[in-house]
Amino acid sequence: MVSFGGLARKIFGSSNDRRVKTLRQRAEQITALEKNYENLTDEQLQAKTAEFRAALAEGKSLDSLLPDAFATAREAAKRVLGMRPFDVQLIGGMVLHERGIAEMRTGEGKTLMATLPVYLNALEGKGVHVVTVNDYLATRDAETMGRLYNFLGLTVGVIKHGLDDDERRAAYACDITYGTNNELGFDYLRDNMKYERAQMVQRPHNYAIVDEVDSILIDEARTPLIISGPLEDRSDFYNLIDTFIPPLAEEDYEVDEKQKTAIFTEVGTEKVEKLLEAAGHLKGESLYDIENVAVVHHLNNALRAHKLFQRDKDYIVRNDEIVIIDEFTGRMMPGRRYSEGLHQALEAKEHVTIQPENQTLASITFQNYFRMYNKLSGMTGTAATEAEEFGNIYGLEVLEIPTNLPVQRIDEDDEVYRTVEEKYRAIVRDIRASHEKGQPILVGTTSIEKSEQLAERLRREGIKGFQVLNARYHEQEAYIIAQAGVPGAVTIATNMAGRGTDIQLGGNLEMRVRQELSDVPEGPEREEKIAAIKADIAQLKEKALAAGGLYVLATERHESRRIDNQLRGRSGRQGDPGRSKFFLSLQDDLMRIFGSDRMDGMLQKLGLKEDEAIVHPWINKALEKAQKKVEARNFEIRKNLLKYDDVMNDQRKVIFEQRLEMMDEEDLTETVAEMRHEVIEDMVILRIPKDAYAEKWDIAGLKQDIASKLNLDLPVEEWAKEEGIAEEEFENRIKEAADKAAAEKAERFGPQIMTYVEKSVIMQSLDNLWREHLVNLDHLRSVVGFRGYAQRDPLNEYKTEAFELFQTMLANLREVVISQLMRVEIVREAPPEPQLPPMAGLHIDGATGENDFDEAIWAEHQHDDRIVPPAQRDPADPRTWGKVSRNEPCPCGSGKKYKHCHGAFE
């Protein structure tokens, strides 16, 4: 039965269809301009950039320039890259310009599509950032598309690992900058740890287009970027705690895979208590006494490291280090570390060198970093399933862009087996059959371990020539994935390794040219060889098409439908045929943890025999339901985390804005005076409460505060004896004395040095207190959840207490800054005492009138070519004097020592 909603969609079309229809009309207007632009010479086409910029300077909007700018970029792409953006790419480009997310199928040309809004928005000169997931893609796209932008007179930079500040600053100053989300985020944090504007590398955040937007803004949303500094080395303690876990029995702990938690049972707690007591690390009577909080934290981390984290799935061991594996892409994430001691627990488990724990110096989540841009948009092959999250958190509307040619891929129903063993036997049979008929196969696995187990099975079965692509072989990723479309190729890949590189049937021309002709110079020979490679690829493509196109065979379903859709989407690009199928078992993680018991019972009733599969659309629907449940739970987690991070983010913005203001201030006298007066007011109100009797005054405490915070010795005891003196009078006298001392110091230092000192003290103190504040917020975050048991809202509690901590930090800042400024003194280093020659004197020879002492000095140093004999020196020409000792009489004849005469000007 058709619902009213379904009926309405049939008649009027979905909101997506209506939006696409409107944009298609605009795309047709741009296409109508194509003939005009084809008739322009290269010089006339290039002159369009200056013409558009002049129009913007006169007040025209980017929207009004869009048709002509898109037509210009399209024509330039045809001439420079040999590629013409289709109308659907124009539609996608408009979505990106209008702060949206363009969902385009794999192979539809997202990289080329992005050049249209990038060119248009770069005309403003405020900077456009194109964000990708790794350095390889950033460099590749900057080089390839950079030819188009350079042709149109725009500058292009690329931010990648290993650049120094000057190189980064130059790249950010370009009209268009390519870079990874990590590099951009860390540059922002590093900029906000600098002490001068000139040292900063980034410009204000204007416009960003995020490639693989779902991966960056959703999969990595929970991962904060953290710059940290090392704390004390506690590797012995981690190793000791680690020895307690392997001997534990199953009854000693409980693991909840769904919630990803591991906790000790009562029996387990008693066991580790005894072990700790024997090692001398148990304080008090019980493990859960307040003195053992840190020990409990380390024990829980060690338990999680052993029971929740799997080697070759969650991390790998490489070069004596634990390298985290991205659970969504299967890529290694070198440089990333788990926080709060978990990474050290994994290092202890795997017996590699334990790195010291780190203190957070600065941090930000991708959610909050990308929300700083004035304008944000993104593109991906799969975003529709997360449309609600993109809308709620980033205010981005997802639009599904129609394909240029109809999709010919056949998505087959899942095959479900009872056991993993049966499933793998079926997979190997299917791979053998497809391989023998010459069909290229992409096999998707969920972990390194599983990809290598499958590879071993294929070896045992005698299937040769397959490639394994996982985090271990990250360096060859692009080449392996690019050749996955060759007839008979079998490529085993973890999750979405290789995203960003197209799988083209017959092979990838660009990759083969790079690989096979790297040492062949430009010329007829190279052109001939490229033509031969093209012909070979065309022949191989025909074979692959005849075999049915690319076959995507997935060995397991992921928690997220989006990741499954990404894998499916590798097949059937640009109208090519293809097929996809998922092989599952009841022992798979998703089925075991989230699948309903009803499905298990249903399969048992059917009485499946060994190696027999069940295939039915109902199974697909039940699995999709389980995936939706997981997605909803993960969305709630991310949304909740963002609410907490927003509290810190508001404070971060205040602090970072304050730092920028300090950098720009040329005179901080008023700011410092205000801080000084606030410190004095707080001091007086604490020791002499308003309207309190004189007997209640703490004069001794006030005197001590004045000495410690203002470095002054004031006769407050005498003032207290005066008849009728009130707290305001104390306040005014202390302010007057402190202002006088500060003014005298400023006069001694001079305005330039004083401003430099004030700026340095304020910013260093602010940075140190902010770091401590981040630690305090982390501690508050870790315990505030327990307030829920007392029927109090943890988020509101966190907001209230975080604000109080922030207020305390600002009060401490005033005290620390004023205390340091009232004590600071400039110590000028005395110049070293000059070494006098052994015979200091003057002896004029009566016969010659020459200074015998000068001759003696010259004789003493005659091995030095720069020494000129006194008789050869012209008193009127310093160029003839050569090297002169500082304590010699000046050769000019003044009678003064050289250092007090001509030497003083050196």
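From the backbone N, Cα and C atoms, a Cβ is placed for every residue, glycine too.
Here Swiss-Prot has Gly107, Glu108, Gly109, Lys110, Thr111, Asp502 binding ATP, and the candidate from Gln89, Gln515 in that same listed site is Gln89.
As stated in Swiss-Prot, the feature region 'Disordered' covers range 868-887 out of the listed 568-587, 868-887. Asp502 (ATP binding site) sits 76 Å from Cys901 (Zn(2+) binding site), counting Cα to Cα.
Counting neighbouring Cβ atoms within 10 Å of each of the binding-site residues (Gln89, Thr111), the lowest count belongs to Thr111. Cα separation, Gln89 (ATP binding site) to Cys901 (Zn(2+) binding site), rounded: 77 Å. Taking the Cα of Cys901 (Zn(2+) binding site) as the reference point, the closest of the binding-site residues Gly107, Glu108, Lys110 is Lys110. A separation of roughly 74 Å, to the nearest angstrom, links the Cα atoms of Cys892 (Zn(2+) binding site) and Thr111 (ATP binding site). Close to the recorded ATP site, the chain also has Met104, Thr106, Leu112, Met113: residues not among Gln89, Gly107, Glu108, Gly109, Lys110, Thr111, Asp502 whose Cβ is within 8 Å of the site's Cβ mean position.
Taking the Cα atom of each, Cys890 (Zn(2+) binding site) and Glu108 (ATP binding site) are about 82 angstrom apart. Put simply, the two farthest-apart Cα atoms among Gln89, Gly107, Glu108, Gly109, Lys110, Thr111, Asp502, the recorded binders of ATP, are 17 Å from each other. Glu108 (ATP binding site): 25 other CB atoms within 10 A of its CB, across all protein chains.
The 10 Å shell around the Cβ of Asp502 (ATP binding site) contains 21 further Cβ atoms across the protein chains shown.
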